[in-house]
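First up is the structure itself, then whatever we jot down about it.
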Amino acid sequence: MDDEFSFIRSIVPRETYQERLTHGIGDDAAVYTGQDAWDEVVCVDAMVEGVHFRKDTLSPFQIGRKALAINVSDLAAMGAVPQFYLVSIAIPPNWSAEELTSLYEGMRAVGDRYGMDLIGGDTVSIKDSLVLSVTAIGRVKKGCALFRNQAQPGDVVFVTGPVGGSAAGLELLDQRGRFGAFTEQERRYVHMHQEPVPQVEMGKMLAEQPYRVALNDISDGLASESMEIAEASGVQLVLDQQKVLELSPQMDSVLPEKRVKWSLNGGEDFQLVGTMTDSAFSSCCEAAQQQGRHLYKIGFVRAGEPAVLLASETGEQALQMSGYNHFKRR
């Protein structure tokens with residue numbers, strides 16, 4: 001990439017979605033009007049080449065798509081509807097103009113799906129690995145945002161869909177690369193890793209219900225995200241191993257133990273995990289069915305020191321948080 005300014009001109013949106021955007025890219029900052037009936041929800045995530053993504057497992061388009069999808073998933077976990085995003089990128093010399101254009105097209109594909117406007121960012125050079133930081137802004141009706149600290153003893157634990165598919169897909173990609181040959185069954189899980197879908201509609205539906213709901217998105221693994229709810233709420237979440245297994249990747253010749261491990265520790269499924277009362281769960285299941293979707297009960301909440309436990313026929317096992325630790329020495 002030789003010309004920063006021509007690159008910036010190439011990624012400026014030709015049209016906008018949000019009526020309250022009064023001034024987008026073109027000045028030192030963007031301007032959009034506030035809304036009295038809504039709360040603003042803001043999140044940011046950074047991705048580093050070689051740590052969060054590699055070009056041998058994801059195309060530039062898929063890297064861009066995932067970079068924005070991660071943020072959209074965070075908004076979904078709050079019950080928010082995405083509206084705007086900003087992108088800061090540090091570009092190494094080994095990334096071509098075509099690859100960078102494809103990366104932004106991946107983000108634009110997610111933005112187009114949810115009606116999001118790109119309203120700013122920054123570009124700098126870097127010596128080796130590409131670094132990408134995306135900020136997303138959404139809105140939720142005032143007082144309706146969902147949080148992790150709402151779980152109470154007696155609640156059910158639920159998820160919005162299958163978990164572990166992304167981890168299964170990444171393992172296949174690590175073995176064969178993104179140009180490798182995959183069976184139809186394997187391709188399904190490769191696709192789950194390369195192009196995960198944030199659960200925006202489900203998060204919005206849950207925020208609109210008149211119930212107490214604790215919610216988190218599954219970006220670092222079911223066990224890790226459940227532990228965040230347990231710690232925020234001061235409770236224990238007990239997960240049913242058999243129910244987790246039923247939602248794990250259904251791959252031939254893969255032992256159940258590995259499938260459960262993918263589900264608990266894999267991450268990047270971008271489903272939602274949460275808790276609510278049993279009666280609220282029944283009502284929300286009906287609301288989900290109206291969208292052609294389902295909620296899946298996978299456990300329950302009880303009193304005790306914050307912990308996540310896996311229950312099976314042989315007893316209960318305390319789970320350890322095993323999400324990626326950026327401060328661990330390697």
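Every residue, even glycine, has its Cβ placed from backbone N, Cα and C.
TrEMBL entries are annotated by machine, without manual review.
According to TrEMBL, the features are:
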BINDING   D28, D74, D217  Mg(2+) 3 binding site
BINDING   D28, D74  Mg(2+) 4 binding site
BINDING   D45, D122  Mg(2+) 1 binding site
BINDING   D45, D74  Mg(2+) 2 binding site
BINDING   H52, E268, Y324  substrate binding site
BINDING   Y104, G121, D122, R148, S219  ATP binding site
BINDING   D220  Mg(2+) 5 binding site
DOMAIN    26-140  domain 'PurM-like N-terminal'
DOMAIN    152-299  domain 'PurM-like C-terminal'
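Note on the binding-site residues D45, D122, D220, E268: the fewest other CB atoms within 10 A surround the CB of D122. Per DSSP, the secondary structure of the domain 'PurM-like N-terminal' (26-140) breaks down as 36 helix, 46 strand, 33 coil.
Per DSSP, the secondary structure of the domain 'PurM-like C-terminal' (152-299) breaks down as 73 helix, 22 strand, 53 coil. Listed binding-site residues near D220 (Mg(2+) 5 binding site): none (candidates D45, G121, D122; Cα-Cα distance within 10 Å). Between the CA atoms of D45 (Mg(2+) 1 binding site) and D74 (Mg(2+) 3 binding site) there is a gap of 9 Å, rounded to the nearest whole number.
The DSSP secondary structure for R148 (ATP binding site) is helix. A straight line from the CA of E268 (substrate binding site) to the CA of D122 (Mg(2+) 1 binding site) spans 26 Å. The distance from the Cα of H52 (substrate binding site) to the Cα of Y104 (ATP binding site) comes to 17 Å.
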